[in-house]
Amino acid sequence: MSKKRVHELGKQLKEQGIELSNQELVEKLHALGYLEVKSHSSSLEDDQAHAAYEKILAERKPKPAPVRPSGPGFVVRKRAHVEPPTVTAPAAPPPAEPEYAEPPQAEQAYEPEPQEAQPEAAPEPVAAPEQPAEAAPLAAQAAPSPGAEAAAPAAPQAQPAQPAAPVAPPAPSAQPSAPQPAAAQPRPPQPPMPSRPPPAGYRPAPPPGARPPMSAAPGAPAQPGAAAQPPRPPVDPRTLRPTSTQAVVISRPLVPVRRVTPPTSARQQFPVAPGPRALGEVRELKVVPGSLGREREFIDVSRDKRRGRQPGRPISEEQAKSLSGKELLQAAISDRAYIPIRGKKKKPTKKGAKTQITEKAEHKKVIRIEESISVSELSQVMGVKASDLIRKLMQMGKMVTINAQIDADTAAILALEHGYTVEKKGFEVEEFIPEVEVDESKLVIRPPVVTVMGHVDHGKTSLLDAIRQADVAAGEAGGITQHIGAYSVNTPQGPITFLDTPGHEAFTAMRQRGAQVTDLVVLVVAADDGVMPQTVESIKAAKAAGVTILVAINKVDKPQAAPERVMQQLTEYELVAEQWGGTTIMLPVSARTKQGIPELLEYIALQSEVLELKANPDKLAAGRVIEAKLEKGRGPVATVLVEEGTLRVGDALVTGVHFGRVRAMMNERGEQVDNVGPGYPVEVLGLSGVPVAGDEFDVVEDEKAAKEVAQHRATKQRQKELGGVKKATLEDLFAKAKTSGQKVLNLVVKADVQGSSEAVSQALEKAATKKVGVKILESAVGAITKSDVLTAAAGNAVIVGFNTKPESEIENIASQQGVKILMFGIIYEAVDRIREEMAGLLEPIIKEKPLGKAEVRQVFNIPRVGQIAGSAVTEGVVKRAGHVRVVRDRKVIFTGKIGSLKRVKDDVREVAQGFECGIGVDGFSDVKQGDILEVYELEEIRPSLD
């Protein structure tokens with residue numbers, strides 16, 4: 001069965017003049033028992049909607065008075081009636097002059113006047129008193145005598161008359177009259193039916209075969225024996241009688257009514273014009289029982305006849321398919337072909353039509369994936385539910401979620417069951433970044449890249465300043481380098497590119513990156529300090545990268561310098577000096593006096609010649625990111641080292657998950673350049689984001705290709721993060737249980753460059769202990785912004801700024817949010833300060849420190865003050881801010897604080913041993929002579945992080 005929505009039912013009610021809002025209609029349906037209706041979009045079955053429509057219509061609209069038939073076997077004809085005025089009949093009307101009454105008013109209705117029976121045969125007519133309309137049925141029910149019937153032949157009869165002989169028609173009068181209806185056939189006597197009071201204005205019809213006598217025309221003789229009747233008003237032939245529907249009982253033959261029909265031209269011009277039906281048209285109505293909740297009603301069956309379908313004709317099977325159950329029931333009750341009374345007729349719907357499933361072509365049922373694909377993406381491509389795929393994977397023994405990544409083999413098994421084929425589609429980066437064969441004829445000599453490494457404060461930057469004849473070290477915070485610096489220096493031996501790496505232990509990653517991109521490593525060791533931990537780390541990084549090491553023993557100008565001891569220590573790490581028969585060049589130098597610097601440059605040039613450092617400047621540029629940062633007004637800035645080709649302004653490049661077009665380039669002196677050859681460092685502007693230091697960069701044909709490569713790398717990185725969820729093991733659960741009570745310090749790290757941000761984050765994470773952990777919520781490059789403050793406020797974190805400052809008004813916002821901002825310029829200061837913050841999370845240890853004792857000698861009760869214990873200090877000192885224990889018979893009976901301390905009459909802070917004083921104890925008034933007062937103080941001890 002079809003359904004109907006609630007808002008459609010509201011529109012149907014609105015057409016009947018009942019306006020209800022959606023909420024009111026839903027509440028009304030709930031009151032009628034349709035609790036499944038939730039909103040105006042809910043649906044109801046057709047029979048339910050029809051029943052609800054009928055009920056609401058019955059409640060909101062007044063029911064019209066039902067037209068009930070007076071009895072079977074008669075025709076009801078509705079006319080416009082007028083009520084003639086009451087006229088008193090004269091005693092002896094003259095036969096020659098007929099009387100004419102004045103025309104009655106149209107508003108007055110005709111009321112029959114019941115007449116009383118006269119005892120004499122020919123009495124004089126007496127005027128009957130005027131009675132109301134309600135008295136007419138009572139008078140009609142009285143049994144009239146034969147004399148009364150003769151006197152009043154036109155009186156209305158409530159009971160059907162007995163069949164009688166046909167009465168001859170009256171003589172024709174002068175005025176033309178309408179044709180009279182044919183006489184009805186005799187019928188057997190019917191049982192009497194109770195009469196009902198007729199409505200106001202109702203005029204009863206004459207009995208069959210009898211008509212009331214009409215007044216004779218002027219000059220016609222009156223009929224003998226007929227009673228005098230009130231004269232009827234003249235009828236204007238130009239006035240049409242009102243047309244109305246006539247009800248016809250099907251068991252009786254129809255009585256045609258002749259009416260004036262409009263001319264043919266008018267009917268052709270307006271064939272279906274709205275308004276009353278054409279005059280002369282006969283409508284056939286049938287009285288049928290009403291539907292649920294309704295009374296009997298008249299049904300127009302003439303339309304069925306015109307269509308050639310008779311009432312009671314069985315409904316065909318095709319028609320029955322388009323009808324609801326209630327519609328079929330109503331058609332069966334009325335014994336006729338069903339015609340909808342209200343609403344539009346529904347178009348029959350085709351039942352049994354199967355949904356046609358459009359299958360994809362074979363070439364479209366191939367799924368091309370790379371290394372993996374998520375369950376949700378696979379379900380969307382195949383058009384199946386993700387839950388079905390997850391259920392199948394669970395049957396295969398794989399517990400996955402909708403966003404989990406599955407490999408190509410597993411996806412092929414799932415796709416095969418649904419008629420799909422999986423093909424691995426590898427993203428070939430070589431298509432966008434092709435490898436060019438080395439052309440020996442195009443190779444040119446490039447400058448060597450030299451990385452200066454060593455321990456902190458061993459003079460690396462000072463040595464570079466001496467080579468560059470600059471003073472970079474004086475401008476560094478704390479005199480230490482905290483990010484990689486790239487410089488190109490012109491020497492008598494040719495251009496050399498130097499990379500200055502930090503020596504602090506936190507910058508291990510920077511040193512490793514420096515070792516990867518360099519050709520030579522200059523290991524700086526202080527002659528007075530010797531080999532240190534970061535020196536050893538630098539040696540390991542250089543050996544791992546396979547780079548030649550030159551050792552510069554610095555600070556030989558100091559009195560405590562011992563170059564031989566340094567050379568001896570380096571032999572432990574397989575670095576043997578040439579003077580001792582080894583292969584490692586070791587030179588004593590001094591950055592202050594510039595001793596040994598020319599010899600160092602000569603050895604660097606010699607090593608570069610041995611290595612034969614050459615590159616092709618005509619190919620697309622490629623290299624490595626040395627450092628990256630985010631500057632206000634300039635955006636992401638990357639310091640790159642060009643290893644191959646020539647980098648030009650306008651080139652499209654890609655590095656990691658970022659891409660862009662080179663907008664500008666600047667060298668280490670801040671000068672803008674248009675192109676940079678191999679072996680030179682440069683700052684690049686125009687990337688989409690801050691790249692990761694150490695990533696490679698490549699120049700591609702256009703920015704579109706760069707974007708595709710970057711998006712591919714970002715997708716692989718996201719898949720790796722989603723697929724890198726480690727399953728919980730028993731060891732992990734035990735480790736989590738051990739650290740369940742551990743305090744955690746949340747941090748938001750912002751630094752000036754990407755390398756520093758990485759180094760600071762790693763250093764702070766290493767500061768975590770078993771008692772307090774460190775969690776980095778966010779680590780980024782740039783100034784501290786409002787977003788960082790909101791992130792810290794949400795995570796209850798501390799913001800750590802390294803060589804960066806907050807933007808304007810950010811400190812006020814942080815103060816309002818209760819966020820602490822710590823700014824540092826030196827990394828070890830940041831680590832020490834964060835350790836203090838970590839210790840502040842631990843609960844302090846409360847330790848009791850004894851101060852002294854006093855013996856109660858006498859007790860004083862002072863009004864409005866309380867009890868005062870006159871005591872003598874026997875040990876130590878008694879302080880007013882201390883705590884006190886009252887001991888009696890070696891038992892502590894009270895513990896509290898000292899409320900007052902006086903010496904004689906003066907308030908004092910403390911009383912030393914051997915003096916007497918008055919002590920008041922807060923909250924205790926039962927001090928007795930001989931009690932001992934032990935005075936002590938509580939001090940908080942910060943616990944250790946270890």
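Any Cβ shown, glycine's included, is placed from N, Cα and C.
What Swiss-Prot says about this protein:
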{"type": "BINDING", "residues": "454-461, 500-504, 554-557", "note": "GTP binding site"}
{"type": "COMPBIAS", "residues": "102-165", "note": "compositional bias 'Low complexity'"}
{"type": "COMPBIAS", "residues": "174-185", "note": "compositional bias 'Low complexity'"}
{"type": "COMPBIAS", "residues": "186-211", "note": "compositional bias 'Pro residues'"}
{"type": "COMPBIAS", "residues": "212-229", "note": "compositional bias 'Low complexity'"}
{"type": "DOMAIN", "residues": "445-614", "note": "domain 'tr-type G'"}
{"type": "REGION", "residues": "58-250", "note": "region 'Disordered'"}
{"type": "REGION", "residues": "301-324", "note": "region 'Disordered'"}
{"type": "REGION", "residues": "454-461", "note": "region 'G1'"}
{"type": "REGION", "residues": "479-483", "note": "region 'G2'"}
{"type": "REGION", "residues": "500-503", "note": "region 'G3'"}
{"type": "REGION", "residues": "554-557", "note": "region 'G4'"}
Beyond the flanks of the region 'G4' (554-557) by 6 or more, those residues with Cβ under 8 Å of it: 458-459, 462-463, 524-529, 563, 588-593, 595-596
Number of helical, extended and coil residues in the region 'G1' (454-461), per DSSP: 2 helix, 1 strand, 5 coil
Summary of DSSP states over the region 'G4' (554-557), given as helix, strand and coil counts: 0 helix, 1 strand, 3 coil
Model confidence over the region 'G2' (479-483), averaged pLDDT: 47
Number of Cβ atoms other than its own within 10 Å, given for VAL556 (GTP binding site): 21
All-chain count of other Cβ atoms within 10 Å of THR501 (GTP binding site): 30
Local Cβ density at GLY454 (GTP binding site) - other Cβ atoms counted within 10 Å: 28
Binding-site residues listed as ASP457, LYS460, least Cβ neighbours within 10 Å: ASP457
